[in-house]
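Per TrEMBL, the features are as follows:
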- Asp294: active site (ACT_SITE)
- Gln91, Lys107, Glu128, Ala225, Ala226, Phe227, Leu228, Glu299, Asp314: ATP binding site (BINDING)
- Glu128, Asp314: Mn(2+) binding site (BINDING)
- 189-406: domain 'FAM20 C-terminal' (DOMAIN)
Amino acid sequence: ADGDLLFNVNSDIRFNPRAAEQPERPNEDHHEEFLPTGETSIDSYPNWLKFHIGINRYELYSRHNPAIEALLQDLVSQKITSVAMKSGGTQLKLIMTFQNYGQALFKPMKQTREQETPPDFFYFSDYERHNAEIAAFHLDRQVEWICIRRKGEILILDFRRVPPVAGRLVNMTREIRDVTRDKKLWRTFFISPANNICFYGECSYYCSTEHALCGKPDQIEGSLAAFLPDLSLAKRKTWRNPWRRSYHKRKKAEWEVDPDYCEEVKQTPPYDSGTRILDIMDMTVFDFLMGNMDRHHYETFEKFGNETFIIHLDNGRGFGKYSHDELSILVPLNQCCRIRKSTYLRLQLLAKEEYKLSLLMKESLLKDKIAPILYQPHLEAMDRRLRIVLKAVSDCIEKDGYDNVVENDFNTDVNTVTTER
């Protein structure tokens with residue numbers, strides 16, 4: 001239905017790349033229009049635009065959308081024409097614009113694959129990891145599964161709520177310094193004593209000479225996350241996560257001291273009807289498997305009201321510790337004792353030896369240009385955490401009964417689309 005699509009594309013619409021441009025674009029006097037007009041076939045649209053017009057009420061992209069693989073390729077191969085710092089946020093992120101007018105958010109490498117978050121770091125001062133962004137995208141989607149006897153598709157979490165992310169080796173001189181018009185960024189470039197190109201930009205945390213990002217000599221790894229449609233074209237609503245942490249060194253959040261907190265949440269819109277509480281449970285499982293404690297807000301597309309999915313944005317603080325399972329991330333599931341049947345069945349499948357989560361993730365991540373993405377102990381930690389999630393659901397079922405815990409989302413019209421999409 002038209003109401004289920006983010007954009008209703010028809011032959012009278014002329015797509016204008018200017019609509020998605022940032023004010024800091026260097027090509028303001030560039031008059032050629034790359035994007036097709038209404039007279040051309042949708043097949044000629046750039047892949048980032050195909051991604052945008054495929055967004056619907058239930059998912060960011062459909063299970064077999066060929067534009068997604070093509071977009072991932074674009075993220076690692078398209079010429080970078082402009083770079084600017086992203087405003088807001090605590091750590092340095094760059095907005096990169098490509099020759100085909102697509103844009104992506106670049107998070108540079110700050111830690112090696114083997115490094116864990118230091119034990120004395122608070123979750124709100126942890127590094128944002130580029131490889132966590134890449135791994136989160138793969139965890140959220142599907143993987144082509146191949147073994148000796150058969151070949152097929154195995155879905156990992158199959159949520160499809162994370163925008164496409166790919167790893168890329170970027171030349172800091174040619175692809176950042178030489179194409180930026182952001183003077184504040186440009187001024188922070190320097191050559192280190194080891195003759196490597198470095199820069200640090202401007203941000204709240206870790207933007208100083210001591211925390212500079214240095215290339216080898218000028219190559220740096222990073223993640224590139226495809227932009228969602230511009231807010232002027234598709235407004236998003238930002239919601240405070242009910243299980244948000246206090247972001248304070250000493251204070252606790254209400255959910256940490258009140259075991260009946262979920263009952264209060266379930267009486268508050270939008271959690272008192274529809275599927276939003278189940279979406280929160282999906283996000284809880286997703287974050288627990290990654291060890292992500294930094295989910296203070298979430299977003300939805302305004303057009304779809306409350307009956308739509310949660311977009312899983314900003315996953316860079318996942319995969320920080322493989323030697324520790326942060327059980328507090330699972331509190332929403334433990335308190336509410338609710339989960340979608342489709343999610344529960346998928347988790348049970350991923351716990352089986354032949355469809356093991358760590359093996360599927362490892363295979364999926366090998367497709368990325370900067371593989372390996374995750375250190376092996378992180379993959380093994382996901383298997384361990386999956387068992388903890390299944391034990392939590394099992395305890396809930398024992399306490400409240402299967403039908404009160406597991407929501408059959410295969411029967412209703414909305415969720416039939418959601419599970420079979």
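For all residues, glycine too, the Cβ spot is worked out from N, Cα and C.
Predicted automatically and left uncurated, TrEMBL annotations should be read as such.
Cα of Asp294 (active site) to Cα of Asp314 (ATP binding site): a distance of 9 Å. Across all of the domain 'FAM20 C-terminal' (189-406), the predicted model scores a mean pLDDT of 96. A C-beta separation below 8 Å, combined with a sequence spacing of at least six in one chain, links Leu228 (ATP binding site) to His52, Ile55, Pro163, Ala234, Arg236, Ile311. The Cβ of Glu128 (ATP binding site) lies under 8 Å from the Cβ of Gln91, Lys93, Lys107, Lys110, Gly316, Arg317, each of which sits 6+ residues away along the same chain.
The sparsest Cβ neighbourhood within 10 Å, among the listed recorded positions (Asp294, Asp314), is found at Asp294. Within its own chain, Ala226 (ATP binding site) has Trp48, Phe51, Leu71, Leu75, Gly102, Gln103, Ala104, Pro163, Pro164, Val165 as residues 6 or more apart in sequence whose C-beta sits under 8 angstroms from its own.
There are 21 other Cβ atoms within 10 Å of the Cβ belonging to Gln91 (ATP binding site). Max Cα-Cα distance over the annotated ATP binders (Gln91, Lys107, Glu128, Ala225, Ala226, Phe227, Leu228, Glu299, Asp314) is 20 Å.
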